[in-house]
Amino acid sequence: MLLGSVPQLDRVAIQLGPFPVYWYGIIIGTGVLLGLWLATREGERLGIPKDTFVDLVLIAVPIAILFARMYYVIFEWEYYAQNPSQIINIRQGGLAIHGGLIGAVITGILFAKRRGVSFWKLADIAAPSILLGQAIGRWGNFMNQEAHGDEVTRQFLEGLHLPDFIINQMYIDGVYYHPTFLYESLWNFAGVILLLALRKVNLRRGELFFTYLIWYSVGRFFVEGLRTDSLMLGPLRIAQVMSIGLVVISIIFIIVRRKMGQADKRYLEN
């Protein structure tokens, strides 16, 4: 697709008759599948049956998407109150990661209780997978030309030594923008490497998951400050408030669980 003289990628991957298949959905699906593969592989190593994470994903992903959409709609209610037919339209994006995370955690707790397994063990195993899915999923925002930052010049983007296809896709309505999707994606990929390395340290159970929350939240806080489409509550950027909250809560949980003797088991223990 061309916009002016700048070639750009089409957000529609293929057309199946009258039905367009968007890159956004394909990329999100790819992130889920790769994350599932990573979790099932590690789960089997730690004695978790392969179908456990398959079953969890089949339940958790739809619920996470529902919560992600609800979260987004709630903070954009002024628009959706006037356009209720758009509430269920997620083809163009509009999924808030923090909402999805809330839905996934609630589902994980209930699932673990029903299966009679430790939620913290499942959460630790899943942590790198979740972050991998988020790292990949940000490229869906890239295809949709959303979740970008403030205006910049082409020279600025070229100075980052980015490939032309990224620079061109950041050209929206005659203006170049910060590729904040890329900053967050790279931060998340680095986090995946960190979490995989920390598996070998044999942390106390639950602390790998809290490390994920802290790592993601720190990166999201700074990237959010560059974005122009932040969900707001008065003068506050909701994602930044949530990020600070998750860091504080994670640190408190780590300290309290250790002091109360609730973190005696290690990651590698069955």
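Every residue, even glycine, has its Cβ placed from backbone N, Cα and C.
Taken from Swiss-Prot, the feature transmembrane segment applies to 19-39, 56-76, 92-112, 116-136, 178-198, 206-226, 236-256, supported by sequence analysis.
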Which of 19-39, 56-76, 178-198, 206-226, 236-256 contacts the transmembrane segment (116-136) most, counting Cβ pairs under 8 Å: 19-39
For the transmembrane segment (19-39), distant same-chain residues with Cβ under 8 A (at least six beyond the ends): 9-13, 53-54, 57, 61, 91-93, 125-126, 128-130, 132-137, 139-141, 143-144
Within-chain partners of the transmembrane segment (178-198) [C-beta distance under 8 Å, separation at least 6 from its ends]: 127-128, 131-132, 134-136, 138-139, 141-142, 147-150, 152, 157, 162, 166, 170, 208, 211-212, 215-216, 219-220, 223, 226-227
Folded-back contacts onto the transmembrane segment (236-256), same chain, C-beta under 8 angstroms, at least six residues removed: 75, 96, 98, 206-207, 210-211, 213-214, 216-218, 220-221, 224-225, 230, 262-263
